[in-house]
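Participant: Below you'll find the structure I mean.
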Amino acid sequence: MEHGEGSRQSGDNTPRESSPFINNTDHDRGNYYDGKNMALFEEEIESNPMVSSLLNKLANYTNLTQGVTEHEEYENEDGSQSKGSQMGTFIGVYLPCMQNILGVILFLRLTWIVGTAGIMESFAIVVMCCTCTMLTAISMSAIATNGVVPAGGSYYMISRSLGPEFGGAVGLCFYLGTTFAGSMYILGTIEILLTYIVPNTAVFVAEKKEDETEAMLNNMRVYGTCCLALMALVVFVGVKYVNKLALVFLACVVLSIMAIYAGVIKTVIEPPNYPICLLGNRSLQNHNFEKCMKTEVIKNVTYTTELWKLFCDSPHLNATCDEYFTLNNLTEIQGIPGLLSGVIKDNMWGEYGPSGMLVEKKNQSSVPVQDNSRDIYKPYIFNDISTFFTLLVGIYFPSVTGIMAGSNRSGDLRDAQRSIPIGTILAIATTSFIYMTCVVLFGACIEGVVLRDKFGNSVNKNLVIGTLAWPSPWVIVIGSFFSCCGAGLQSLTGAPRLLQAIARDGIVPFLQVFGHGKANGEPTWALLMTVGICEIGILIASLDAVAPILSMFFLMCYLFVNLACAVQTLLRTPNWRPRFKFYHWTLSFLGMSLCLSLMFISSWYYALVAMSIAGCIYKYIEYRGAEKEWGDGIRGLSLNAARYALIRLEEVPTHTKNWRPQLLVLLKLDSDLGVKHPRLLSFTTQLKAGKGLTIVSSVLEGTYMTLGAEAKSAEQSAMHLERTKGFCHVVVSSNLRDGFSHLIQSAGLGGMKHNAVLMAWPGGWKQAEDSYPWKNFIETVRETTSAHQALLVAKNIDKFPCNQDRLGEGTIDVWWIVHDGGLLMLLPFLLRQHKVWRKCKMRIFTVAQMNDNSIQMKKDLQMFLYHLRLNAVVEVVEMHDSDIAAFTYEKTLVMEQRSQMLKQMQLSRTEREREAQLITKLGTKSHANLSDTATATPDHHVHMTWTKDKLIAERNRKRGEPNVVVILEFNLLFFLFCRNQSNVRRMHTAVKLNEVVVNKSQGAQLVLLNMPGPPKNKGGDENYMEFLEVLMDGLDRVLLVRGGGREVITIYS
């Protein structure tokens, strides 16, 4: 019993598993602490039960079957629910497993398998298949005794051990296997009916000899469909009638087995009389003649026999006869020579052959003939299909299935954890003994040509295994007929319930309709689906063709039972405590390997189809299925693998070739805990394409108990909306600055830590009343630099494309000013892997100074990109040294004075505004005069960036020139007025570089720029923001990139 949903307690976002023992009703809760003895634990008792209450609920717990309520309870006249049956090991597990394992293949095909493969190879087939089921039973016993196992059989065990994806895939495969088993049993029933009981009732009768096979298949289809409809009606009316007849069907199986062993014993005393007729060494069908002779003498007159007429064109002695008939003699031998006859030596090895091959006695002499074209029209016995070892494995394996019958009834057992292992293993041991002895006894008692005669045509159309039985062949015929009928009804009863259980689990959305049924729980829709699939098997019409199909599905089911046990054992999960102790992971792996080998031995193409079906269902459940947390082993395996991988990643540093941006995305949430910039998540998806690590994080101010869960839920919904794969990390801190610092330091685990931080540019930092946004931004820049992490800052992030957009022709422009590890060139390549940016071309710009060789720089950069395997257009932009423009001085003055004025808090607002206006006017007027003077004296234009020392040196050198002296004196005064000359230089760089970038890249879809580092002196933080603002002015989409201090791209393979 599983409850999928968990409850949440306030202040705790960890889901709790529901339990019939832990969940309490409100009317019970008040009685827990009426007294004063447990007053100390009042708060805990609200969510956790007292031990006395827990034990009381455990004692009163009733294990109902999963998915359906048996309709016998619904139909009880008194309306009271009947108690579950308390069956023991023998009745509840052993006998149902015996009945399911022994069936149609034993009665209809085992003798043919022994004759075709020989005793040795048949014994090997039986040993392989029985070993497979025994190992599977050991694994199943371990899983079944690891806690309470409700009804549901292998589906329940696999789904709860390996997760909903594997459970759904294998559960549906098991359902298909059970459904095709129903087809096989129905085909077996019809084969017995039409071949051995009432052969004259065939609807289709072949007019020609070569059409007999097709006519038989059509009869199987017609009668099989009618039989299926009848059985479905019985199941629909009420499964209780099937259950009541189960004992009758089991008795048929037991009596048939006893008749076989009794017949073997009787062959020692008196072998049965079943003569077979051989022409040369060829076996003949003897149901059209009585005497195995060409002619007979009656009263000294020679007459031709009925056999003569089959090979000659007239009954006269001078008739023209078949050449082989003329040249070879007829021999009559006993078909059942007996246990002591020594025929075991002839049957030791196999005799495979193609379809249409004659069944011949190995050591019998014969005269061959040249022309065998007319043999098909003669009463010979032929192989109806091509035979080879692997085919026989696939046909035989269904005879060992049915080991899940006990676990399917676990809800009705008195002690399931004891009965399932003992009953199942004893049933497999018993049936394995029966199969192994039957293989040897059939080979020791029956003539080889009779064994290879699949339909008993050489023994008067008797069932071959029936010829060995005592007291009469009809014991086996009738017993096998009812056994096949019962097995077919059991399959049509069990398969719909399995489908209903899967549908009600809700893991496969399109199966929801099959979870409904009649008022008494009968799975009506699932029964219709089962009948439809079963009809497909019946239309195939060949028992030999259907058997390998269901072998695949059962083998896949058994494979995953073994895998589930092995995974749980190797992981040493704390909850893995089976009462059955005789298991080991090596046995489970051996069983798993044997199942996989048998799948490909039986039919490699069927195996691939079955695995493809299971794989498709697995991926569908993973993509569309309901989320279930069943504490499965695959999750534990993932945790172990993750732990191992994290430890390995920590051992050695990441190589440049393996470097990829592992992003910590800093999101900002609004007052309603909604994501303020969802396009940041879109950009993350486009940059990562689902690969590598993504940690989406945010910082909230307050207490964790009140805000944590809601914020994380908001982030997860935004990530789902933007299809961002990654992890959420919400930090609630009393101080936002500390929260961001903690995130950068501690997000991630071991080798899976972020190496890059992505954040949005603080848009309205100038207009903000509080200085926190830009101060936090600069501190984040400093911390990422100290942590050697890359930093990506997106300006106008809300204008970036979403995941549904497809950018047409455009460019991604990279402005490579400073080499910072190669991240600038790697990011466009990663972006262009996503379909949003795929059509954009990459352009790389670099800046050349006065003393640089621009042509050589371009060639070198093109060669560098060629070695990096990057396709990009290269352009070198020349930036000549020039005077610092008046505009630059003005911007610098305004920037400095603004900072200074904001610090002078003692001045009134009016005084601050007046001072700011005065400084602005003075600066504008001075720059205008300076520009006019510089224009009038072009010969004395100075091409350098000014410093105080350079300015004094230049003034001394030009002292004889009055005009220049005036300008220099003014510049010196202005320089002294601008107390921080580095601000002027920085502003000059920003202005000039912005002009070049806007000129070249204003129409680009995205511009990537080197991000300059923050000032070491925190007093210039606001100036730093101004520089960046000027640098990005006039550009639509900008990504500022600052490397983490390591190479991230290499030319080597």
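Backbone N, Cα and C define each Cβ position, glycine as well.
Below are the features I grabbed from TrEMBL:
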{"type": "REGION", "residues": "1-30", "note": "region 'Disordered'"}
{"type": "COMPBIAS", "residues": "7-24", "note": "compositional bias 'Polar residues'"}
{"type": "TRANSMEM", "residues": "90-110", "note": "transmembrane segment"}
{"type": "DOMAIN", "residues": "93-270", "note": "domain 'Amino acid permease/ SLC12A'"}
{"type": "TRANSMEM", "residues": "122-145", "note": "transmembrane segment"}
{"type": "TRANSMEM", "residues": "166-187", "note": "transmembrane segment"}
{"type": "TRANSMEM", "residues": "220-239", "note": "transmembrane segment"}
{"type": "TRANSMEM", "residues": "246-265", "note": "transmembrane segment"}
{"type": "DOMAIN", "residues": "380-664", "note": "domain 'Amino acid permease/ SLC12A'"}
{"type": "TRANSMEM", "residues": "385-405", "note": "transmembrane segment"}
{"type": "TRANSMEM", "residues": "425-451", "note": "transmembrane segment"}
{"type": "TRANSMEM", "residues": "471-489", "note": "transmembrane segment"}
{"type": "TRANSMEM", "residues": "525-543", "note": "transmembrane segment"}
{"type": "TRANSMEM", "residues": "549-571", "note": "transmembrane segment"}
{"type": "TRANSMEM", "residues": "583-607", "note": "transmembrane segment"}
{"type": "DOMAIN", "residues": "793-914", "note": "domain 'SLC12A transporter C-terminal'"}
{"type": "DOMAIN", "residues": "986-1053", "note": "domain 'SLC12A transporter C-terminal'"}
Participant: Is it the case that the transmembrane segment (385-405) and the transmembrane segment (122-145) have 3 or more CB pairs under 8 Å, with pairs at least 6 apart in sequence?
Facilitator: yes
Participant: Check the transmembrane segment (525-543) against the transmembrane segment (166-187) for contact, please; criterion is three or more CB pairs under 8 Å, pairs 6 or more apart in sequence.
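Facilitator: In this chain the transmembrane segment (525-543) contacts the transmembrane segment (166-187) - 3 or more Cβ pairs sit under 8 Å.
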Participant: Under an 8 Å Cβ to Cβ limit, what residues of the same chain, 6 or more beyond the ends of the transmembrane segment (471-489), are close to it?
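Facilitator: Residues packing against the transmembrane segment (471-489) from afar: 99-100, 102-104, 107-108, 181-182, 185-186, 188-189, 192-193, 196-197, 227, 231, 234-235, 242, 245-246, 248-250, 252-253, 255-256, 259-260, 262, 462-463, 465.
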Participant: Counting Cβ pairs under 8 Å that are 6 or more apart in sequence, does the total for the transmembrane segment (425-451) and the transmembrane segment (220-239) reach three or more?
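Facilitator: Output no: the transmembrane segment (425-451) is apart from the transmembrane segment (220-239).
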Participant: Per DSSP, how many helix, strand and coil residues does the domain 'SLC12A transporter C-terminal' (986-1053) have?
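Facilitator: Grouping H, G, I as helix and E, B as strand yields 30 helix, 10 strand, 28 coil.
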